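See below for the structure under consideration.
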Amino acid sequence: MINYFFIFLVPSLGMVAGLSVAATVTVFLLISLLQNIAAWIPNRHCEEQSDVAISLNILRLLRQLFCNFLAMTIKTELLFAGWCLISCLFAIKPINSLINFVQVFTILFLGFVVSNFKPFQNRPKLKKALIFGTLTGILLFFVEYFSYGFLTRIFKANFNLYMLDRGCALLSITAWVVIAILIYDKKYCPALILYILVLYLLSISDSLASFLGFSLGGIVFILARFIKPIFSKLIIFGLITGSLLFPIIAGQINPKGLSDKYLTTHPSAAHRLFIWHFVANKIAEKPLMINGFNSSKYTQVKDSEMIDYKGEKWHPLPLHPHNNILQITLELGLIGLALFLSLVYKYLKQIGNIGNDNFRASSYACFINYYIIGMISYNVWQIWWIASSIWVLILMKLLVKPDIVIDK
């Protein structure tokens with residue numbers, strides 16, 4: 001019953017309160033962990049037996065979890081986590097970086113552990129809960145959009161469309177799980193209608209990153225479905241090459257010229273160009289330098305480096321670079337970037353090994369959707385955004401995958 005509640009709650013509440021994902025997913029992970037521990041504890045038939053039996057079963061569970069952890073082939077993940085931890089020692093504010101590190105990698109650890117548990121029971125009902133939760137999230141968006149924030153204004157003084165950006169990002173990646181479920185059930189028309197509905201929703205939202213990510217996800221789905229013999233190699237080469245070239249390109253662009261020509265009515269997008277250009281030049285000065293985990297917001301900026309654009313003063317690095325590649329390179333250096341791209345390569349290879357064509361295509365689409373949003377928006381280490389990725393991973397592995405013969 002608890003699983004139904006959370007699987008419905010995360011996408012629905014997440015639409016109007018995106019940051020809630022950090023709390024709801026964390027609680028969901030903890031409850032799942034406790035449920036699996038409780039399953040190993042025998043019923044208390046008699047008091048003499050219970051304490052010993054409980055202790056033995058807990059030890060067996062811990063042993064199984066440890067063995068599963070070792071069997072997860074997470075050497076690259078451990079190297080990356082270790083490098084992030086080392087970077088905290090060289091951070092501008094070491095204590096803050098260490099606290100952020102513990103928060104991020106605690107939820108990642110919980111997510112990886114729970115994702116290797118047994119598949120969910122009563123999956124048909126859980127799938128319905130996810131579909132209803134996603135549709136409720138879509139309905140809440142349109143309620144807010146056409147009522148100018150009726151629900152939001154109950155709790156806040158005013159409403160702006162950008163307040164739904166996080167909810168739109170969550171919807172864009174969760175929708176791929178629902179699409180995978182509908183396709184597996186041979187409900188192709190509802191799957192297509194859902195894609196078009198979400199695409200339309202994102203097009204009228206203020207979340208350009210989610211719209212681009214979901215649009216490219218659709219293109220990737222089609223390509224992965226119809227040119228499967230070479231698609232795996234193409235996407236790995238394209239994504240890693242593009243990621244490596246991005247800091248170079250960002251350092252060479254003329255942000256003012258591009259903004260004047262293409263982004264006169266999109267100040268937020270124009271500001272992104274100035275941020276990327278500034279961060280890329282900072283990286284070029286000392287490419288091996290480690291600024292520390294999640295330390296972008298503490299980067300010192302001179303008065304002469306402030307941006308003066310059309311009479312407005314913009315900060316060249318407000319909080320974070322709004323690009324996962326630039327942020328990781330700035331904070332962790334080229335070694336950190338190499339480890340991060342090794343993870344990207346590993347996960348794309350794992351997706352490429354999925355035997356079921358539709359599930360593989362949905363997984364590629366979801367991965368690209370998440371990656372593209374990270375290339376345009378959000379701090380790569382934001383808890384709610386990390387929790388969103390863990391949420392989708394668990395749904396794919398424990399809710400969708402068990403009903404499909406997928407691994408070669």
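Each residue's number is its place along the chain shown, starting with 1.
Glycine too: its Cβ is placed from the backbone N, Cα and C atoms.
What Swiss-Prot records for 5-25 (among others) is transmembrane segment.
Positions annotated as transmembrane segment by Swiss-Prot: 72-92 (among others). Counting only same-chain residues 6+ beyond the ends of the transmembrane segment (72-92), those with a CB under 8 A from a CB of the stretch are 98, 101, 105, 108, 112, 116, 290-293, 295, 298-299, 331-333, 335-336, 339-340, 342-343, 346.
Within its own chain, the transmembrane segment (94-114) is flanked in space by residues 25-26, 29-30, 32-33, 65, 68-69, 72, 74, 77, 81, 84-85, 87-88, 292-295, 298, 381, 383, 386-387, 389-390, 393-394, 398, which lie at least six positions past its ends and keep a Cβ under 8 Å from the stretch. Summarising the annotation, Swiss-Prot assigns transmembrane segment to 94-114 (among others) and lists sequence analysis as the type of evidence.
The annotation transmembrane segment is assigned in Swiss-Prot to 130-150 (among others). Within the same chain, residues 7-12, 14-16, 156, 158-161, 163-164, 167-168, 170-171, 174-175, 177-178, 181-182, 197-198, 201, 204-205, 395, 399 sit at least 6 positions outside the transmembrane segment (130-150) and bring their C-beta atoms closer than 8 Å to a C-beta of that stretch.
Residues annotated as transmembrane segment in Swiss-Prot, with sequence analysis given as evidence: 163-183 (among others).
Listed as Cβ neighbours of the transmembrane segment (192-212) (distance under 8 Å, sequence separation of 6 or more from its ends, same chain) are residues 138, 141-142, 145, 160-162, 164-165, 168-169, 171-172, 175, 178-179, 182, 218, 269, 372-373, 376-378. Under the heading transmembrane segment, Swiss-Prot lists 192-212 (among others).
Swiss-Prot lists 230-250 (among others) with the feature transmembrane segment, giving sequence analysis as the kind of evidence.
Same-chain residues lying 6+ beyond the ends of the transmembrane segment (325-345) with a Cβ under 8 Å from its Cβ atoms: 76-77, 79-80, 83-84, 87, 236, 239-240, 243-244, 246-247, 250, 276, 279-280, 282-283, 287-296, 299, 371, 375, 379-381. Annotation source Swiss-Prot lists transmembrane segment at 325-345 (among others).
Same-chain residues lying 6 or more positions outside the transmembrane segment (359-377) and placing a CB less than 8 Å from one of its CB atoms are 165, 169, 172-173, 176-177, 179-180, 183-184, 207-210, 212-214, 216-218, 220-222, 224-225, 228, 231, 235, 239, 246, 272, 322-325, 344, 347-348, 351-352, 385, 388-389, 392, 396, 400-401, 404, 406. Under the heading transmembrane segment, Swiss-Prot lists 359-377 (among others), citing sequence analysis as support.
Note on the transmembrane segment (380-400): residues 7, 10, 18-22, 25-26, 28-29, 100, 103-104, 107-108, 110-111, 114-120, 123, 126-127, 130, 166, 169-170, 173-174, 176-177, 180-181, 184, 293-294, 320, 324, 327-328, 359, 363, 366, 370, 374 of its chain, located 6 or more positions outside it, place their CB under 8 angstroms from a CB of the stretch. Here Swiss-Prot flags 380-400 (among others) as transmembrane segment, drawing on sequence analysis.
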Surrounding residues of the transmembrane segment (163-183) on its own chain - C-beta under 8 Å, 6+ positions past either end: 10-11, 14-19, 21, 127, 130-131, 134, 137-138, 140-141, 144-145, 149, 152, 190-191, 194-195, 198, 201-202, 205-207, 209-210, 213-214, 217, 358-359, 362-363, 365-366, 369-370, 373, 377-378, 384-385, 388-389, 391-392, 395-396, 399-400
